[in-house]
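Asker: Sharing a structure with you now.
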Ligand SMILES: Nc1ncnc2c1ncn2[C@@H]1O[C@H](COP(=O)(O)OP(=O)(O)OP(=O)(O)O)[C@@H](O)[C@H]1O
Ligand SMILES: [Mg+2]
């Protein structure tokens, strides 16, 4: 396959987008997991699907819209969804997790309606659900570049604030940190990364790329910085090995990437147990 | 408008639901003071501290920090805090003792800024002050409850605050370290740090504190330690609901 990368642009696109995803998803994932927001990624990915379905529908109804990248509409939906999640979490302050099924089912409901109106789409939809090695366009790659850079910059700029906010929200507020603003920025970033990762891993599996590498890393890491480093390392391992397997075997990359991540997690669990003996 | 007053509480009332938890509390803490705040469970001590820290907004009354109305106060890095619930953090959080102790410096340093050499020294000194130097690189979950509590005390000390607010900080800390910790507080106070300490062991802190305030929804007493010692038993039992000094003799 490594040779084929030089020959085929589509493969190069998939790899570059994959490597960016393998970096950005676990980077945000560390904060998502320690803040116990793991399921929010799931809710947002389904809202993104609704946006993509809307985009595909629009493209089939109005030929003028056919050239738009449905990913951008998915992104818009995802960001709106993230704001709704925040709103709902504030409304149900004592049942914060209620926001997740509400948003998740709305997302699926809308997706199914859009898909039905369009009378089912082509294989396009399949690639959005489970990722694809061949469907990543140059525009998708640029989107991934911009989103991954934004994620890196925001995390670098607000590392101290996000760490304190995640570890001890009350102390963050006492320290004069604008917790609502930082949290808002973070959740919008999560929405963007989810939408941008969609092409590679697919709607149904993107949240696992945000959580599985982190689940493995926190079994091993002593410090938070270590947990971040290991999560990104595991994320990249999963993406690269997963894409390779997907290409060689002609399987959907979403599945292979996630299964590699699961294997890494199993190793991490074993490693910890080995050390405890 | 910085004056000689660290905290000024004017006629503050607060309620969570219908009933007042704080009623017309007025209290002034001059710079350099070491105030011991005492009162029975549920008397509103933690609530009052949360108002002072800006976590709760009083229903009426005003609060000034270093002369500035709390609404426009921005220098939060000057205030350190150890919460009564500090110990109820997420146990599987991957962080070292050092990372937690340094996290209080976040507000002091701007965006993108890494910790300076001076910050690192301050964190080291704070960990040394609570007797945790050897454990800096350990995962915080691997510490005992009392050791964890001392990490939170170190976090508050590391940012070198001008005002340190402590809500029963020594819960779960063993007698030797409690004693050392109070000595440390007394020492810091003599070097100019203003302190507010909520505690139930009045007996042990009277040598360190300069002022004592007794709160039970309203402020029952505020004066220096000697004046407090001269209070008759009746005044104390009226406020506490039971004779306090008899209790402290039993220990
Ligand atoms: N979040 C809350 N919602 C509603 N009522 C509360 C809340 N927190 C405290 N209260 C009530 O306010 C009153 C004062 O509580 P507070 O925590 O300030 O007491 P305290 O003096 O700190 O007590 P302790 O010595 O037990 O720490 C109590 O009656 C308590 O039931
Ligand atoms: Mg309390």
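The backbone N, Cα and C atoms fix where each Cβ goes, glycine too.
According to TrEMBL, the protein carries these features:
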{"type": "TRANSMEM", "residues": "A:14-34", "note": "transmembrane segment"}
{"type": "TRANSMEM", "residues": "A:43-62", "note": "transmembrane segment"}
{"type": "TRANSMEM", "residues": "A:68-86", "note": "transmembrane segment"}
{"type": "TRANSMEM", "residues": "A:98-121", "note": "transmembrane segment"}
{"type": "TRANSMEM", "residues": "A:141-159", "note": "transmembrane segment"}
{"type": "TRANSMEM", "residues": "A:171-194", "note": "transmembrane segment"}
{"type": "TRANSMEM", "residues": "A:200-220", "note": "transmembrane segment"}
{"type": "TRANSMEM", "residues": "A:227-245", "note": "transmembrane segment"}
{"type": "TRANSMEM", "residues": "A:251-271", "note": "transmembrane segment"}
Asker: Near the transmembrane segment (A:98-121), which same-chain residues lie under 8 Å Cβ to Cβ, leaving out any that are not at least 6 residues past its ends?
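Answerer: Residues 39-40, 42-50, 53-54, 56-57, 60-61, 77, 81, 84-85, 88-89, 92.
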Asker: Looking only at the recorded stretches A:14-34, A:43-62, A:141-159, A:227-245, which one has the largest tally of CB-CB distances under 8 Å to the transmembrane segment (A:200-220)?
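Answerer: The stretch with the most contacts is A:14-34.
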Asker: Given the transmembrane segment (A:141-159), which of the listed stretches A:14-34, A:43-62, A:171-194, A:227-245 has the most Cβ pairs that are under 8 Å apart from it?
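Answerer: Going through each listed stretch, the top one turns out to be A:14-34.
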Asker: Below 8 Å between Cβ atoms, which of the listed ranges A:43-62, A:68-86, A:227-245, A:251-271 makes the most pairs with the transmembrane segment (A:171-194)?
Answerer: A:68-86
Asker: Against which stretches of its own chain does the transmembrane segment (A:227-245) lie, if we need a Cβ under 8 Å and a gap of at least six residues from its ends?
Answerer: 1, 14-15, 18-19, 21-23, 25-27, 29-30, 133, 200, 209, 212-214, 216-218, 220-221, 251, 253, 256-261, 264, 268
